Amino acid sequence: MSWHPQYRSSKFRHVYGKAASKEKCYDCVPITRNVHDNHFCAVNPHFIAVVTECVGGGAFLVVPIHQTGKLDPHYPKICGHKGNVLDIKWNPFNDFVIASCSEDATVKIWDIPKHLLTRNITSPKNELLGHVRRVGLIEWHPTANNILFSSGYDYKIMIWNLDTMNAVILNPVKILDAHNDVVLSMSFNTDGSLLATACRDRKIRLIDPRAGTVLQEASYKSHRVNKVLFLGNMKKLFSTGTSRWNNRQIALWDQNDLSVPLLEEDLDGSSGLLFPFYDSDTHMLYVVGKGDGNIRYYEISPEKPYLNYLMEYHSHLPQKGVGVMPKRGLEVSACEIFRFYKLIPTKSLIEPISMIVPRRSESYQADIYPLTTGAQPALTAQEWLDGVNKGPLLVSLRPGSGAVNSLPQFLEPEPLIKTTDLSQHQERGGRMPLKGMQKPSKIEDSRKQLKVEEKFPKNEQMCLSNGFDVFECPPPKTESELLQMFYRQQEEIRRLREVVNQRDIQIKQLGLELRNLRMRTGSY
């Protein structure tokens, strides 16, 4: 493979990886020693969950994302499984619900309290009993609420509808029986209408999950696949595996023709698995090696050569697994476009690694933060089961632009008239038309709403930068922390200016309404 491709223009050509400082890592975490090929870590903007080593059954930890440093050895665990936990995944539409699967052949759904854990959690919200052998993989549907896929060593993929009041669910809504061996990987396309799987029989399958039919099947003998991944709306699949000579290998496929890969390249001779991650917003692909400390990253293009090598992050500390922060939890003021949480069992350490685009400007960089997947489902579970397809609901990451977390939303203010329009009406001295204006009762309601919003901001990120309180922060110790503090203060100043402008508009509206009322009473 050529590591020095011809020059090409790209805004992500100089992306670099930055490891967090020691005080921002998670230390003394008893990371599992299980050899199962999974991430063993799941992250959202509120919590980091990691599978731990324990005696007698399986357990995992759920730690608040900002509780860094040394972990208390007696920190409470989620420990309701009777066998080792093999996979954990956060609900993409509820940051306080997590699913886990285990060697005890069960899948369990857990409610995580908003406050700090004070004791072990042993009773799940739901228990899914359908598999007869251990369950190795779970995946949430990307756009439908409460739809969960599970794959077990009984060679079956089961689809579960969690929109039920039953604590124990015995029957899945659908069973996909299209594999002759253990499923090693599952991946959805953007709207969740297609499922790609990698199986131990070395085949990649493209499946319609609701019909249960195999649409495409790849059995390319020179590529033994381990992991497969949909590349957003590119209509392409990416897979990692090994070649005939046991070299680590990557391959790119056309989802409409899986007979021969579009691209096939050997990386190195290491034996560890390769975990692929794709960012559909930036079209960047990250390949993380298990057992080594490297993270390779590429840029995907729709035409040849398809895969453009950018850079490689090197570390001497090998990773056993890795978690990924959703885009809505990134630090946009630092131009962070991706964040990994690297599990280092030799040091009992979890190390965050930020992928950063170097920029000098302090303002929000809209070109590297397009609209991204939000935390609200596009479909209900029943709508998806009935055959409806919808893409994910998109949100902006611009601070203060809208809700980008999965917490309940507060009251929204009434739509306001533009300041320029108000000033024009004042200059003319005429009567302000009541059409499009708020009635006095609505004005009073909006004033009350404004008071409520002053206490409880509509968007938590307006006062919190990724949950970090700008008013109760420790003094900066380094130059980078000082810059981050400066950016946060600038955002707070901007927010306060917006509040002042809203108040000015409210005052002008009330003045115009009073003037119209006086003129109306005078005409009678």
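Placement of Cβ uses the backbone N, Cα and C atoms for every residue, glycine included.
Annotations in TrEMBL come from automatic prediction, not curation.
What TrEMBL records for 5-69 is domain 'DUF1899'. Model confidence over the domain 'DUF1899' (5-69) is summarised by a mean pLDDT of 90.
Residues annotated as region 'Disordered' in TrEMBL: 421-443.
Per TrEMBL, the feature repeat 'WD' maps to 78-112 (among others). Shown for the repeat 'WD' (78-112): DSSP residue counts in helix, strand and coil, namely 0 helix, 21 strand, 14 coil.
What TrEMBL records for 128-170 (among others) is repeat 'WD'. Counting only same-chain residues 6+ beyond the ends of the repeat 'WD' (128-170), those with a CB under 8 A from a CB of the stretch are 36, 38, 83, 86-93, 99-109, 176-188, 190-192, 195, 197, 209, 373, 377-385, 390-392.
With a threshold of 8 Å between CB atoms, the same-chain residues lying at least 6 positions outside the repeat 'WD' (176-217) that come near it are 37, 136-137, 139, 141-144, 147, 149, 151, 153, 155-159, 223-230, 232-233, 237, 239, 241, 253, 255-258, 280, 384-385, 387, 389-392. Look at TrEMBL and you will find 176-217 (among others) tagged as repeat 'WD'.
Remote same-chain partners of the repeat 'WD' (78-112), defined as residues 6 or more beyond its termini with a Cβ less than 8 Å from a stretch Cβ, comprise 32, 34, 36, 38-47, 49, 51, 54, 57-62, 120-129, 131-140, 142, 145, 148, 150, 152, 160, 162, 326, 373, 375-377, 405-407.
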